[in-house]
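Quick notes on the structure that follows.
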Amino acid sequence: MTPSDILLILPELFQLILINILLLYALFFSGLGQRSQANSQIFFLQKFIAQNKSASFSTQGKNLKLAYTPTPLQVVEPLSWLIVLSLGFSVILLLNSPTSLTNAVCLTNSYICDTYATFFKALVCVSSAAAIALAMPALKNSKVGSHKSNYEFLLVIYLSVLGMLCLISSYNFLTFYLSIELQSLSFYLLACSRAKSEFSAEAGLKYFILGAFSSAFLLFGMSLVYGCTGSIYFDDVAALLEFSTSQAKATGNLSFDLSQKLENLSKMGLNSENWNQNGLNELSQNFAAKINFENYNTSKIGLTIGLACICISLLFKLAAVPFHMWAPDVYEGSPMGITAFFAIASKIAALATLARFVIMTEQSLVELFSFVSIATLTVGTLSAMRQVKIKRLIAFSGISNVGWFLLGLCCGRLDAVMLHLIVYIFTSITLFSIIIQPIHRQGGSENNADHITLKHISDLGQVYKTNAVMAFALTLAFFSLGGIPILAGFYSKYLIINASIQAEALGLLTVGLISAVVSAFYYLRVVKTIYFMEASNNWFTFDVPSTANAYLISCTTFFTAFFIAYPECLSIWLIHTCL
């Protein structure tokens, strides 16, 4: 590893070192708190046993429970803000990286650092920091009245963020597999973080089993690709696919200059200072020697199947149809803070990697993505119309938005996909910053978790009478998701629809327009519940939002409402990022 490699991967090294430091911090301070708490409980138990000799056998279970006690919130809350600050410093490191204007590949061509990866990495850090910050009210009420939680899941979230950053910059199949598995294993733990809930255990088990099938597809696809190309590097696969395109266009002349093709790839992903013509010629000769051109048609079929299997694994991470079965159950079974993290940040890395594969394959898998896009838009929209619970509605709404991402990729407008992703993340932050707030019900028991959290859409009935500002922010967020003019969601969907018109993809255009119209129904139904549904006798009011949540609601609502006034400020920059 050279000094330039260390400089290029400095944000990831910074986060890896901080994970170990924060783990030691949490272990030390939580150990002190748990030891004092356990000693006090043991003292009272011994006193009770001394007074009641016959009760000694019945208290053995209580002594066993003292082996692990939840961490006091005085330790968990500072740890949360330390993670948020570290993610903010990571964004600063990414934006001041020397690769902000140039592209480079480091660690023996296994890790790419370019403007495309920098954008998505910064987006992952910002969205993850927002998800952790807005989850603090739910963290304080995770155990009603006890003010205790478990710090381990915060570090698991941090590990998943590190996995997503590595996944975005992976440039060969080895780093790609290790990164996606680090992310996946962290997500499995987060999905079943509510240990005493049957729904959480079921969601985590279902996510793990289906994720195992996804990993099997990934390994099978990587094996096929390696068997057909003899290489695990993305640029070699791209060169072979470019050769297939040249061969299809040629009229019997199979000769082409592979050195020029690899030189073009080096301009996209490699620093030109690290390459020379002799190196390109040597690489092209070595690579060409691995290809049996006589059996190329067979190799092309195997390569296409392998890339399709890899894309299926990424589509599972995106919860695209028909690989979406885990998403509604995981959203519903997880705690509200974990659900917010899944909805806001979990799709970014998979979408970035899938878009890189689409660019690398030169639209050779556009038929697969077109089918998945149509199915995702249809199933996500129709399923969301039947939902009565807020979490499941948000889950199917996210599935429907994945269909919009894939529609933009099929039409070749990556900048429109990136803009729609930003709008979706900001809108999700607004929604979860509000619905995660504790509520106070009239006649409700404060010791029952169902009485301090929102579960059903009907719970929002007449909420504008008690929290007018919250109701207005929720209305703008749902209108933006529905694509109502003149909000940010309307502009991002307009760009994708305009891209489908320019690409003459009439089938995708038709399904997209129908989905946009039908999806407005269930978003407007929530707004109708907020303003016009008669409230039951068990009405509620939101708790006073925390300072962080208030800032998040204000900033994201302002972006949603006024982005249409000057959209070029972001659109032009995204176009330059995609070039």
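Yeah, the Cβs are placed from backbone N, Cα and C, and that goes for glycine too.
Where the annotation comes from TrEMBL, it is an automatic prediction and has not been curated.
It should be emphasised that the depicted structure is a prediction, and the values quoted were computed from it without experimental measurement.
The following features are taken from TrEMBL:
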type     : residues : note
DOMAIN   : 170-248  : domain 'NADH:quinone oxidoreductase/Mrp antiporter transmembrane'
DOMAIN   : 281-518  : domain 'NADH:quinone oxidoreductase/Mrp antiporter transmembrane'
TRANSMEM : 6-28     : transmembrane segment
TRANSMEM : 79-96    : transmembrane segment
TRANSMEM : 116-139  : transmembrane segment
TRANSMEM : 151-180  : transmembrane segment
TRANSMEM : 301-326  : transmembrane segment
TRANSMEM : 338-358  : transmembrane segment
TRANSMEM : 365-384  : transmembrane segment
TRANSMEM : 390-410  : transmembrane segment
TRANSMEM : 417-436  : transmembrane segment
TRANSMEM : 468-491  : transmembrane segment
TRANSMEM : 503-524  : transmembrane segment
TRANSMEM : 550-575  : transmembrane segment
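Remote same-chain partners of the transmembrane segment (365-384), defined as residues 6 or more beyond its termini with a Cβ less than 8 Å from a stretch Cβ, comprise 304, 307-308, 311, 315, 320-322, 324, 357-358, 393, 396-404, 406-407, 409-410, 505, 507-508, 511-512, 515, 518-519, 522. Between the transmembrane segment (550-575) and the transmembrane segment (79-96), the number of CB pairs under 8 angstroms, six or more residues apart, is fewer than three, so the stretches are not in contact. Packing against the transmembrane segment (301-326) from elsewhere in the chain are residues 180, 183-184, 203, 206-207, 210-211, 213-215, 217-218, 220-225, 227-229, 237, 240-241, 346-347, 349-351, 353-354, 357, 361, 364-365, 368-369, 372, 375-376, 378-380, 395, 398-399, 402-403, 405-406: each is 6 or more residues past its ends and has a CB under 8 Å from a CB in it. Same-chain residues lying 6+ beyond the ends of the transmembrane segment (338-358) with a Cβ under 8 Å from its Cβ atoms: 116-117, 120, 123-124, 127-128, 130-132, 134-135, 153, 157, 160-161, 163-165, 167-168, 170, 176, 180, 183, 187, 190-191, 193, 234, 307, 310-311, 314-315, 317-319, 330-332, 365, 369, 391, 394-395, 398, 402, 405, 409, 414, 417, 421, 425, 428-429, 432, 436. Residues 397, 401, 419, 423-424, 426-427, 430-431, 434, 437, 460, 516, 519-520, 523-524, 526-527, 530-531, 542, 553, 556-557, 559-561, 563-564, 567 of the same chain sit 6 or more residues outside the transmembrane segment (468-491) yet have a Cβ under 8 Å from a Cβ within it.
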